[in-house]
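**Q** Dumping the structure here so I can ask a few things about it.
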Amino acid sequence: MTPIDFVVPFIGILVFIFWRRIQRRRAERIASNIENQTETLENESIVPIYETNWCDMPAEIKLECIGRMEIRERLSLRCAAKSERSLVDSQKVQISRGTFYRVKLKQGMYSSSTVVSLHFNKQDTFTKHFVSDYEAFELMKHILKIGIFEDLEISFSNSFTNYKESINDVGEISATNIEISGCNKETVFAILRKLKNGVESIMMTFGAYFYEDSLDEILAIPHVQNARYWHLKNLKHSWIPGFEACEVAQVAQMWIDKNSKIGSTFQASLIDVLCQTYRLFNEFVKYFDDRIVFASEKRIRIRTNNPDRHILLERGLDDVMEIYDDLQFYRMMVISAEMKESEYDDDCKTWILKMEPQYYNDDSENSFEQYDYNSSDGSSDFADDWL
Amino acid sequence: MSSTEQGTSSAAPAEPTTAPESAAAPEVPESFYYVHGKDKVVHKVSAGALQHSALIHGMISNLGYTEEQAKANPFPFENIDGDILQMVVDWCNQHKGKPTPPEDTNLPKQKEKLFDLVLAVNYLEIKELLTYCCKQVAMMVKGKSPEEIREIWMIPTDAEDEAAEKEAKKRAGKEAAGETAAAAGDAK
């Protein structure tokens, strides 16, 4: 036997012992791990397993929750899945002021963007600028559908002409006070016809896309007939004698025909490009010749068919508003036949400011400045893909 | 005051206590009832606390249990987990006879637990607590994007919904075919 014959088996035995030891330690480690895991599982099984989630909620609970969400979360949820969309759309949201208007972009003279601005309360506002008319219009349609507005202002130029059909897709529009300006005739009528009952005031501005010749149609709309307050801004003296007087007279005639309630108020601003200061009053007197109770350069009072009610037309005149001014303000009201001259309201500033909030303020540039519409709270980042 | 059933309660008829609050009038002992959830653990709750739940209140009004009868017949709410029922009972006790505050910050933050609580509260018709819970659910997604909301509330995407619908239709079709085949076999 050589020493090699002796050493090789010896090394083999040592390697075998070492390998057994390693195996034993591994087995011990695995056993310990299993023990730990079993313990963890046992502990975990004590904690109840909850599997309930949003999808398990009944629709009425989901609606309760949606009712407590703010607008941007609602928009996000309706984008999360089709199944949520109809639920979100069915839940109305109270909006203290909703404004849809266009602004010119500073960078380009001809480009503009549409702004959707919603005020819910003092803390919560949602403002979003759109370059795409389509996206702006789609959001506006959605908001009009779900919103219950205290004040609603729609003010955009002709840019939505292509979508006028779509305004008809919107269900009833729920607003207490509505202001429409800069819209074309079709859009104005589509909006007015969509209004739900309960409109208290309607404010409209004539402009490039909407003319005085639409008055007959406006007066045929029941909301206009029943509104406690409505105003028309920017009437213009036309070349046709009596035309603008007819507009004011038409409103008075509608009130007479409908036996409108005491307190019904109509206001108008007139741009007197022809410098014919007394023209409207003169034409009005001619129109209601047989009904005149009293007439002066400031007031005309006429009888209605109801002996209890008169109609009073006033021109806004004070230290600031002068008789020869190009811009004239008129107010007409259904009053009690018992009302005495001493009870007339000489403070025209209050009612003029209702039409032109910035009129007595020289610093004003445009009416939108009264609201801090551009004070976006970062909400524009939300619901970008809301469509 | 809530406690699991220990067998120590003052016996009283189930009719609502309407004793006048004068110093001379004898104090009417409060009525207690017993409820249990899925875990069968019985909770002893005063009638005053249970008034928050329109469902239980309605049940009590129709019963007129004595203490012994109430003990022997705890209201079973097998569809409510024990710890959720405990939460509800605790809330009812905390707000017993008190006007509910505008906010409640003690609601669970864990979403699944909150959803279970919502379902329980809705079932038990506890209007004020349901309002808090729904507010809390709404708060969970405050400032979240559609994707984040989908993730938080595990809402399936439209594609997943469609796939599940297809799968369900396929399964229903197979089952219907199986039933037709079985019926044909029986007829033979």
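Numbers here mean position along the shown chain, with the first residue as 1.
Glycine too: its Cβ is placed from the backbone N, Cα and C atoms.
Keep in mind the model is a prediction, meaning the values are calculated, not measured.
OK, TrEMBL features for this one:
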- B:8-25: compositional bias 'Low complexity' (COMPBIAS)
- B:165-177: compositional bias 'Basic and acidic residues' (COMPBIAS)
- B:178-188: compositional bias 'Low complexity' (COMPBIAS)
- B:38-96: domain 'SKP1 component POZ' (DOMAIN)
- B:1-25: region 'Disordered' (REGION)
- B:160-188: region 'Disordered' (REGION)
**Q** Is the compositional bias 'Basic and acidic residues' (B:165-177) packed against any residues at least 6 beyond its ends, judged by a Cβ distance under 8 Å, and which are they?
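**A** The answer is none.
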**Q** Could you tell me how many residues in the compositional bias 'Basic and acidic residues' (B:165-177) are helical, how many are strand and how many are coil under DSSP?
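**A** Taking the compositional bias 'Basic and acidic residues' (B:165-177) as a whole: 13 helix, 0 strand, 0 coil.
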**Q** Reported in the order helix, strand, coil, what are the DSSP residue counts of the domain 'SKP1 component POZ' (B:38-96)?
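**A** Breakdown, helix to coil: 33 helix, 7 strand, 19 coil.
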**Q** According to DSSP, how is the compositional bias 'Low complexity' (B:178-188) divided among helix, strand and coil residues?
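**A** Counting residues by DSSP class gives 10 helix, 0 strand, 1 coil.
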